[in-house]
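*Asks:* A single structure is presented below for examination.
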Amino acid sequence: MQTVQDAAALRAVIRGWRGQGLTVGFVPTMGNLHAGHHSLIKLARARADRVVASVFVNPTQFGPNEDFERYPRTLVQDQVGLAEQECDLLFAPEVATLYPFGAEQSVSIHVPLLTETLEGARRPGHFDGVATVVCKLFNLVQPDLAVFGQKDFQQLKVIERMVRDLSLPVKIMGAPTLRADDGLALSSRNQYLTPEQRALAPQIYATLQQMRELIAKGHAWPVVEQAAASKLARAGFEPDYAAIRRVEDLGEPGEGETEGLVALIAARLGTTRLIDNLPFE
Ligand code: PAF
């Protein structure tokens, strides 16, 4: 696997592939990769002739209280994992490559409504940073398809909406969340959990499953949300939200609406904030 840092080198490799009529799949990441990321590469591999991954810790999606500087940077380890997954090319740019006028002076993409609820309400500006950097990366890589984890459900929805609204010529694919045997969704943040917190953490997925069951039994969604948040709080979590939303636009369901819904949870265990979700089939 080749690693490139600058845009010209990236474009040269991709131009070569295009010249041979090959399709390109893309997996954007912030690095510190684990099996969940590897499953995204695998999906891209299955759907495209060549796979590009990016590792870029994007400053514009971090809030003032979220530590951009301390985000784990593990490029060498990431390169090994990506090569094992038969990724063809790693793009690992400097901040100045993606933000030539500086991160503060960047053009910014705002996806309305979808970004103003749930994660967006708690992390103002976060999704503007995500949408902006993903759009920049799409312009550089010009992939046929790009894969995002369903674990970041709202992020996936935001990207889908941006791509459609800006008519970007890329197919967005959502990859299923990878879970440990006890149900905990794989996440870079799991490494920060103490053994006691790690033992509690699977209750998030168990609660999502209960939310789904209660909705299927006809319970009203505000009651289900309240019950889930209380249960998590009693177990020792600090829940930010336990929500039932429409998959389509993350809006609140209408009365008696049970189809096309998703349950989403964000909760803290100590200083570690975990998110997870469960779309209802
Ligand atoms: O999900 C992530 O790792 C990031 O939000 C993304 C999509 C790579 C944009 O920086």
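Backbone N, Cα and C define each Cβ position, glycine as well.
Just so you know, TrEMBL annotations are computer predictions that nobody has curated.
Below are the features listed in TrEMBL for this protein:
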- 30-37, 149-152, Leu178, 186-189: ATP binding site (BINDING)
- His37: active site, proton donor (ACT_SITE)
- Gln61, Gln155: (R)-pantoate binding site (BINDING)
- Gln61: beta-alanine binding site (BINDING)
*Asks:* Between the Cα atoms of Gly36 (ATP binding site) and Gln61 ((R)-pantoate binding site), find the distance and write it as a whole number of Å.
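*Replies:* On Cα coordinates alone, these residues lie 21 Å apart.
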*Asks:* How many whole Å apart are the CA atoms of the residue listed as 'active site, proton donor' and Gln150 (ATP binding site)?
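*Replies:* Cα-Cα distance, the residue listed as 'active site, proton donor' to Gln150 (ATP binding site): 11 Å.
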*Asks:* Select, from Met30, Leu33, Gly36, His37, Leu178, Ser188, each of the recorded positions with a Cβ positioned under 6 A from at least one atom of ligand 1; if none does, say none.
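*Replies:* List returned for ligand 1: Met30.
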*Asks:* Long-range neighbours only, meaning 6 or more apart in sequence with Cβ under 8 Å: which ones does Ser188 (ATP binding site) have?
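*Replies:* Long-range Cβ contacts: Asn32, His34, Pro72.
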*Asks:* To the nearest Å, how far is the Cα of Leu178 (ATP binding site) from the Cα of Gln155 ((R)-pantoate binding site)?
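*Replies:* Gln155 ((R)-pantoate binding site) has its Cα 17 Å from the Cα of Leu178 (ATP binding site).
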*Asks:* Work out how many Å separate Gln155 ((R)-pantoate binding site) and Met30 (ATP binding site) at their Cα atoms, rounded off.
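*Replies:* Cα-Cα distance, Gln155 ((R)-pantoate binding site) to Met30 (ATP binding site): 14 Å.
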*Asks:* Please identify, from the binding-site residues Gln61, Gln150, Gln155, the residue with the sparsest Cβ neighbourhood, meaning fewest other Cβ atoms within 10 angstroms.
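*Replies:* Least crowded of the binding-site residues Gln61, Gln150, Gln155, by Cβ count within 10 Å, is Gln150.
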*Asks:* At the Cα level, what's the spacing in Å between Leu33 (ATP binding site) and Gln61 ((R)-pantoate binding site), rounded?
*Replies:* 18
*Asks:* Which ones in the same chain are close to Met30 (ATP binding site), with CB under 8 Å and 6+ residues apart in sequence?
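*Replies:* Those within reach of Met30 (ATP binding site), by Cβ under 8 Å and sequence separation of 6 or more, are Val55, Phe56, Val57, Asn58, Tyr71.
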